[in-house]
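Student: Pasting a structure below so you can have a look.
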Amino acid sequence: MKAKIVLLPGDGIGPEVTQAAKAAFDAIAQRFGHDFLISQALMGGAAIDATGEPLPAATLAACQEADAVFLGAVGGPKWDKSEKRPEQGLLAIRKALGLYANLRPAVTHPALYDASPIKADRLKDVDIMVARELTGGIYFGEKQEGSEAAWDRCAYSAEEIDRVLHQAARLARSRRGKVTMVDKANVLATSRLWRRRTEAVFAEHYPDLELEFLLVDAAAMHLLSRPASFDVLVTENLFGDILTDEAAMLVGSLGMLPSASLGDSGPGLFEPCHGSAPDIAGQDKANPFAAMLSAAMLLELGLGLGEEAQVLKDAVYACLEARQCTADLGGKLGTQGATAAVLARIL
Ligand code: ATP
Ligand code: MG
C-alpha cells in the first residue's frame, strides 16, 4: 500500500527515537512491499528556534495531508523561559487534527516483572488499553481563579462522550471483547451522563461486548489488584490522565510505553509516552523501544496494517527477552544498537 507518514522529531531525544521509528517503517515497507512516503517537519522547541512558532503553519499543513503523524518528543530547559513554549505545539496540533481519544496500552512482559512495583504473579498476561477522552472535561472548562476561592467547570456533551465510546468499543472488538467504563457516577453529573450514554451506545451498537462499570476510586485499586482482568478501559479526561500513569507503572519502564491520539477522520498522532529526556539527549543512550512500539500503533491504528504491526512488536519483545536493549532496561546497547537489533529481526 501507499501511505504518507510525517515525522515530527522535536527536541531532546526526540530526533534519536524518531530515527528508530523511521528505520522501523523502512524495514516494514521493505519486508511487506509497501510504499511509505516519509517526510519530516519542525515541531516544538526546534520549530521555535527556526521559525518562532512551536507549530509552524507548514508543519500543520503537512500533517493534515498525511495518513499518519509520528512525534518524537518536545520541550526542554532551553525553552523554559521563552515566550512561546514547545508544549503549546502539541496542544495546538491535537486541537487542529481533532484528536479526542488518547490510547495508551499497558502490556507487561516477564523480562520487566522485577522492574514493576507490583507482585509478579499479578502481572502475568496484563494487556490493557486505556482510552482517555482528551479534549473535554474539567481541563478545558471555564475557570475562575482568585486568591480566596477558585473553581473549574467540568462539562461533557453526549456527542463528546459517544465518539470516544465508539473508539473504545471498536478497539475491544479487535481485542478480547471487554470494555470497562470508569466514572464517579455516585457524585458527578457528568459521570451520570457518561454512564447513561455508555448503556445506550453499547445496547444499540455493541451488545456482543462485555461491559463493566467501575467508580474511579475502585478502578484505581482494581488496576493494582487484578490488572489482568482489564481489556479496554474507557474514561473521561481527568480520570484518564491519572489512571494511564497508574497503568504505566504496571509495565515497569517508561521506555516501553507507546501512545496514539485519534480523531474521527484525518491522521492520528503517534508518540512515545516519555518526554524529551534532555539529560541523555545526543548520547546514544535513549531507549528506542517506546518509539518503535508507537510506530507499531501507527501501522495498526493509523494505516490498518495489523500483521505488520505485530511483526514489529514481536521484534521489539524478542530483543527485550534477549536483553538486546538499552541500559534503562538492563541491557548494554545504545540507541542505534538496540534499533539495529530490532531491524535484524524484521528483515
Ligand atoms: P516531560 O515533562 O516531557 O513529560 P519529563 O522530564 O517528565 O518529560 P522524561 O523526559 O520522560 O520526563 O524523562 C524522565 C526520566 O526518564 C529522565 O531521567 C530520562 O532520562 C528518562 N528517560 C525518558 N525517556 C527515556 C528513554 N527513551 N530512554 C531512556 N531513558 C529515558
Ligand atoms: Mg519535563
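Using the three backbone atoms N, Cα and C, a Cβ is placed for every residue, glycine included.
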Student: Record says Arg94, Arg132, Asp217 bind substrate. Source is TrEMBL. Which of Arg104, Arg122, Arg226 does it list for that same site?
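Tutor: Between Arg104, Arg122, Arg226, TrEMBL records just one in the substrate site with Arg94, Arg132, Asp217, namely Arg104.
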Student: Determine the recorded positions, out of Lys184, Asp241, Asp245, Gly275, Asp279, Gln283, lying near ligand 2 in the sense that the CB is under 6 Å from one of its atoms, and give them in sequence order.
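Tutor: Near the molecule: Gly275.
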Student: Restricting to the recorded positions Lys184, Asp241, Asp245, Asp279, Ala281, which ones have a CA within 10 Å of the CA of Arg132 (substrate binding site)?
Tutor: Asp241
Student: For the substrate binding site, please report the maximum Cα-Cα distance among Arg94, Arg104, Arg132, Asp217 in Å.
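Tutor: In whole numbers, the farthest two Cα atoms are 29 Å apart.
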Student: Cβ-Cβ under 8 Å from Lys184 (site 'Important for catalysis'), same chain, 6 or more residues apart: which ones?
Tutor: Ser191, Leu215, Val216, Asp217, Phe239
